């Protein structure tokens with residue numbers, strides 16, 4: 001049984017850092033484990049221009065504690081009004097690495113998102129020419145579609161027609177949750193990749209309802225059936241370069257999770273690599289973790305691998321039950337429980 005594993009320093013290809021005091025609270029957790037992260041643009045107001053991304057990047061770097069090394073990889077928030085000129089500026093910037101598609105209303109702070117993908121075709125065509133990736137929250141928002149089916153229907157209604165029209169557009173299917181999405185990415189022609197979270201590798205939808213409502217397991221896309229979780233584990237541990245690590249760590253104040261209308265999102269930045277190690281260990285695939293966490297993402301984005309390392313040791317330790325979060329607290333996924341791996 002492997003007791004210790006040293007891997008190339010990993011990156012997080014899907015992260016929510018928030019802003020202000022919340023940013024200052026959570027950024028060190030990510031920087032301790034990851035060299036770089038794709039930073040989501042769904043602030044209020046959203047990051048829709050290169051100038052806004054540059055300002056947000058400066059705030060992130062200003063919040064980084066002295067002595068810590070971390071590179072934020074910025075993204076823009078795609079809207080119906082995003083133009084080709086903004087895409088050209090993004091590609092030329094050197095710090096914008098993707099554009100995020102949120103279907104309007106699909107998740108936290110997505111109200112300004114896309115109402116009709118066809119309205120975005122001029123921007124998407126510019127992205128295809130520039131080689132700038134489109135990062136997709138792959139769920140339809142049609143209220144007639146069951147929440148557990150929204151990813152599969154998105155493939156049919158949006159992803160397949162989009163990639164038929166733009167076969168060379170680089171696309172990341174973010175935080176996939178179904179066997180449908182895993183198979184789509186595995187079988188797709190052209191430049192398609194996918195991020196997978198630790199919580200979707202470890203849990204099925206029963207986790208939300210065990211003994212009562214468990215709000216800290218509620219995220220979007222929502223956890224799915226066990227058959228889907230198993231398909232995600234198979235994809236992540238397959239060795240395919242198309243699948244890579246994206247925590248989708250999404251901090252919310254405790255009072256906004258434990259609430260009559262609680263926010264969606266799991267906070268995992270503090271212990272992300274421990275959770276991924278647990279998932280890969282359970283699958284008997286620790287030897288596949290380094291490629292998933294450290295190699296596949298840089299290869300897709302055309303970036304060099306990191307030069308540092310991170311070591312994971314089999315060691316029991318208790319995760320804090322809650323963490324400081326501005327003037328309040330947040331609860332990490334599995335807060336107060338014992339974890340079996342420790343990252344150093």
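Placement of Cβ uses the backbone N, Cα and C atoms for every residue, glycine included.
Record check: Swiss-Prot places 16, 17, 18, 42, 220, 252, 264 at the substrate site, and the matching candidate among 97, 137 is 137. Of the residues 100, 342, Swiss-Prot places 100 in the same Zn(2+) 1 site as 14, 16, 248. The recorded positions close to residue 42 (substrate binding site), defined as a CA atom within 10 A of its CA, are 16, 100 out of 16, 100, 175, 248.
Among the listed binding-site residues, namely 18, 137, the Cβ with the most fellow Cβ atoms inside 10 Å is that of 137. Local packing around the Cβ, expressed as the count of other Cβ atoms within 10 angstroms, is greatest for 17 among the binding-site residues 17, 220, 264. Sequence-ordered, the extra residues of this chain that approach the Zn(2+) 1 site, with Cβ no more than 8 Å from the Cβ center of 14, 16, 100, 248, are 15, 38, 40, 42, 135, 174, 175, 195, 246, 250. The 10 Å shell around the Cβ of residue 248 (active site) contains 26 further Cβ atoms across the protein chains shown.
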